[in-house]
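Novice: Can you keep this structure in mind? I'll have questions shortly.
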Amino acid sequence: MALKKKTSTKNPPILSHEFVIQNHGDIVSCVAMLFVVGLMVQVTSPLAYMFIALHHNVTSTVQDSEYGVPIDVLRYTYGVRDACAVFFYFLICIVMHAIVQEYILDKFSKKLHLSKSKQNKFNESGQLLVFYVISFLWAGDIMVRENLLTNLSSLWLNYPHNTMAFTLKFFYIIQIAYWFHSYPELYFQKVKREDISSKLLYPTLHLVFIVGAYLLNFNRVGVVLLSLQYLAEAAFHTARLIYFSDKSESGRKGGYTIANIAFVVSRLLTVTITVLTFWYGLALSSAAAIDFEAGNFNTDIIRIGSLSVISLLQAWLMWNFLTFYLKYMKEKTSQKNKAKPVVAKKPKATIQDRITKAKKKREERKSPPKDKKNIRIILISRINITPYFLHKDFKKINIFYFSEKQTKEDDDLPEVDQNTKKNLRSRPVAAAAAQKAK
């Protein structure tokens, strides 16, 4: 018996690139656990608390509308310590990314048996869909609590909005941390160098707009616009997952149709809310210069600049959307044309061809076709009497009728001669029938 070759089961060397890529989830979770354990130790608890908790809290006194009693309300502003919270939740995002990949997406991708390129897109859509759905629901809860949906004027009234509720500030911290974690994920996923620039574009755009809304105290408008963006993106990635998992054509078309409608509607609503807020609403309380102490950035330059940047971004997204689908429709029509068989057109018949065709038809009518293999014509006499004969290949009696020449000759005779000729022809036939009867 031939011995089987032993497969190499050696693990990659410690602290090598392959080792870090394979075990990055465990490594980062251990680092995050150090901060959590540090809260339990009295010496390290202040340092760990600086990374885990939110800072820059402000207590303000507000009169209760029902009882008229003053109530202390805890609100938050932004500051330098927010960078520590962003770093800790940046680690948590890497750990959560690894958990979703290992325990959810890998199990589904194994069942689907996708190619490498499709599997990468499936994993990307699965990760982003989880984040978009959670962020959209979270933003919806904030908008309901802050009454941003029922009262759109609250987006620009009482600006600057330099204080935030706990959920609103924590929402922005998680958003910044998540999009920062997209940069090391490119290394963990072994993305090719030529694809890095395209992969970095969307995280960078999200970071620029989220950090800008957070620092310029446009946090209320930012939540509304992010919810619209995440709704459209969630619909797109849901349709993409259906495309990879569902084999039926109806499911694929339905998913992409809903995603396209959501994309266009979100672009229109984003431009509408942006124009209402920056062009009309904030213009009512415009300031001449920036006030850093009060956090008032509502100057004409910042306001019009923000409006133009957001509008240009929406136009760019819409342009990419239209060019992609026009290219897709062209490819689809070209594939349909290739699939159709090319039928060569018959050349038109000339006058000479028609004349020859008509001559052939006349000849066929004059001389009926005869099967030379199976029919043998026996002429009994010069007079074409209808003969009976039995062929060795046939069991039936073949009857041959008069020819056209004989009928013409009979017509030329007078009526008396025609009758006598008919009687003469019928005699041998009657005699043959009488002999057969005997």
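Each Cβ is built from the backbone N, Cα and C atoms, and glycine gets one as well.
Those TrEMBL annotations? Automatic predictions, nothing curated.
Residues or ranges marked as transmembrane segment by TrEMBL: 27-52, 86-105, 126-144, 164-180, 200-217, 223-243, 255-281, 301-326. Residues or ranges marked as domain 'TLC' in TrEMBL: 120-332. As annotated by TrEMBL, region 'Disordered' applies to 409-438.
Could you give the neighbours, burial and distances for every feature on this list?
Specialist: Using a Cβ-Cβ cut-off under 8 Å and counting only residues 6 or more beyond its ends in the same chain, the transmembrane segment (27-52) has close neighbours at 20, 81, 84-85, 87-88, 91-92, 94-95, 98.
Remote same-chain partners of the transmembrane segment (86-105), defined as residues 6 or more beyond its termini with a Cβ less than 8 Å from a stretch Cβ, comprise 24-25, 28-29, 31-32, 35, 51-52, 122-123, 126-127, 130, 173-174, 176-178, 180-181, 184-185.
Beyond the transmembrane segment (200-217), the same-chain residues lying 6 or more positions past its ends with a Cβ under 8 Å from any Cβ of the stretch are 78, 159-162, 172, 175-176, 179-180, 182-183, 186, 225-226, 295-297, 302, 306, 310, 313.
When Cβ-Cβ distances below 8 Å are used as the criterion, the transmembrane segment (301-326) is approached by residues 205, 209, 212, 216, 218, 225, 260, 263-264, 267, 270-271, 274-275, 278-279, 282-283, 286, 290 of the same chain, each at least six residues removed from its ends.
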Novice: Mind checking which residues reach the transmembrane segment (223-243)? Cβ under 8 Å, same chain, six or more beyond either end.
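Specialist: Same-chain contacts beyond the ends: 121-122, 125-126, 128-129, 132-133, 135-136, 139-140, 142-143, 148, 155, 168, 171, 175, 210, 213, 251-252, 255-256, 258-259, 262-263, 265-267, 269-270, 273-274, 310.
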Novice: With a Cβ cut-off under 8 Å, give me the same-chain residues at least six positions beyond the ends of the transmembrane segment (126-144) that come close to it.
Specialist: 97, 100-101, 104-105, 108, 165, 167-168, 171, 174-175, 178, 223-224, 226-227, 230-231, 233-234, 237-238, 241
